[in-house]
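Data first, discussion second: the structure below is written as structure tokens.
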Amino acid sequence: MTAVQTSVARAAANQMEAAAGINSAPQFPKASSYSSLSSAYSGGSHSLQSLQFNPLKFKHSRTLAIRASVSAADDSVVTLLDYGAGNVRSLRNAIRFLGFNIKDVQTPEDILNAKRLIFPGVGAFAPAMDVLNKTGMGEALCSYIEQDRPFLGICLGLQLLFESSEENGPVKGLGLIPGVVGRFDSSNGVRVPHIGWNAIQITRESQILDDIGSRHVYFVHSYRAMPSDDNTEWVSSTCNYGDNFIASIRRGNVHAVQFHPEKSGDVGLSVLRRFLNPKSEMTKKPAQGKASKLAKRVIACLDVRTNDKGDLVVTKGDQYDVREHTKENEVRNLGKPVDLAGQYYKDGADEVSFLNITGFRDFPLGDLPMLQVLRHASENVFVPLTVGGGIRDFTDANGRYYSSLEVAAEYFRSGADKISIGSDAVYAAEEYLKTKVKSGKSSLEQISRVYGNQAVVVSIDPRRVYLKDPKDVEFKSTRVTNPGPNGEQYAWYQCTVNGGREGRPIGAYELAKAVEELGAGEILLNCIDCDGQGKGFDIDLIKLISDAVSIPVIASSGAGVAEHFSEVFSKTNASAALAAGIFHRKEVPIQSVKEHLLQEGIEVRM
């Protein structure tokens, strides 16, 4: 980046963070923060590929060693290198949950003086390396690790230790571990990103992995490092997803994991606990579970909105109608969102999804109650949290413009791991199909470019339209299992916006293909016709879409009994299934769904 580009980026970032109230991550002095780089990369005229990332040239000075030798820290303090990208709140909450305090890195000296250091890499490889280069953190980090001091890298925090990455590159890494980080090969039949709960194979004693046994841990990434003869002395576990990739490394006191321990429930907390307190008298737990591969996910969804009294409640629609059919016509109230999220975590939900169904009416950055829900829920819910509703570019009544990046940043910093885009993705897809040009300006493109496509879910809300002849429409149709009211054998699925109130001239198939190309990492596939009916998922629709794309698809709308989950997993390529009402009303417990799936030979996390 030129000096001008850097100045513009920094100014944009300062404006963004002031507007969004982002203050939980320290701002490194005299350098561009990750957020400023994000602003630069999202501007449209400067792509990541056009930026130059210089290799690090470390000079391990005597001054660094002396500073490190006199450092001291309280046993209850862990130093956190948070450069301001994505959701690090969950890791902070997990550390505090385990009884430790946090010291944020402000300068390279803070790294050198740390007693134990955690580096939770979130986002893309290139901007992260640029932050480390510009702030001097990279040199300090290498010096710290080469002195074999307690270190834990998470996700990107593992990948950055390698020589380089192919992500928007090649881009040089820290060069501590031999190897190149490359993208998963979807031609192997795997869906990219790798999202979900998978099994790991421990290859050598790692200490921090001792409590995992045969249980699943949570991964979410599109790039991975591969084991080789050159790095075998580092590899402590692998995971199979198309190929065997590196799931964790360990050499001496240096650890790093590709999975997210802060999102892996009790198993993940045990990994953090063993790193933070290696001398504690913990006995190795016997192996539990029978994890062998990527599990199918069971997701609990909470539709959140304000009721007529102004209270934030969880509700549930009947074909998207959330009001009771009574004289008062009040909003259906099924409980408080934070309490329900905590209960679903205890019940075994693999993810919790919040859908702010008033999001299209309210200004997102002013939606403080929803942000508070995320902040409080993430304190005790250690599985992934997704939030959707109102994530879009916006100009307020005073003419001030807020980008979707600002909105997404606030949700991520408040505890969201993934954001879900609905109507805005439909408009972006329509424009892309019309022009055949990726503008780079849509919320979908901007957010996926900065945070990675694994952080972006596109929610599709289609309505079934029956056809006598598939040639009657220009959109992709499918033969339906149950004929229409006039004996129609075919149907196409018309996409809607604004909570299902407005139909658009685009089909679910065309939308799914377009958003995958624009950067979506996952599709949440609803069906207005099935919503709240309890008669099962729309298998025809889910099969059509899950066969058409190479990214994971979440089946939604219609679950009424446990058998509906096994049906959708056995008849389609859905990676996950989501339900709301049956969990809220306690008609079918999450654990009962998982036990049924196990009995049917479908792997799930228990």
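Start at 1 and count along the chain as shown; that gives each residue its number.
Every residue gets a Cβ built from N, Cα and C, even glycine.
Residues or ranges marked as domain 'Glutamine amidotransferase' in TrEMBL: 80-274. Taken from TrEMBL, the feature active site, for GATase activity covers CYS155, HIS260, GLU262. Taken from TrEMBL, the feature L-glutamine binding site applies to CYS155. The active site annotation in TrEMBL covers ASP303, ASP461. TrEMBL lists GLY390, ASN526 with the feature substrate binding site.
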Notebook entry, point to check: If you measure from the Cα of GLU262 (active site, for GATase activity), which of the recorded positions CYS155, ASP303, GLY390, ASP461, ASN526 is the nearest?
Noted result: CYS155
Notebook entry, point to check: Tell me, which active-site residues from CYS155, HIS260, ASP303, ASP461 are within 10 Å of ASN526 (substrate binding site) if we use the C-alpha atoms?
Noted result: ASP461
Margin query: Return only the integer: C-alpha distance in Å from HIS260 (active site, for GATase activity) to GLY390 (substrate binding site).
Written below: 27
Note to self: Can you work out the mean pLDDT of the predicted model over the domain 'Glutamine amidotransferase' (80-274)?
What the structure shows: 95
Next item on the list: Express the distance between the Cα positions of ASP461 (active site) and ASP303 (active site) as a whole number of Å.
Entry: 14
Next item on the list: Round to the nearest Å and give the CA-to-CA distance linking ASP303 (active site) with CYS155 (active site, for GATase activity).
Entry: 30
Note to self: What whole-number Å value do you get for the CA-CA distance of CYS155 (active site, for GATase activity) and GLY390 (substrate binding site)?
What the structure shows: 28
Item checked: Cβ packing number for ASN526 (substrate binding site), 10 Å threshold -> 29
Notebook entry, point to check: When a 10 Å sphere is centred on the Cβ of GLU262 (active site, for GATase activity), how many other Cβ atoms does it contain?
Noted result: 29
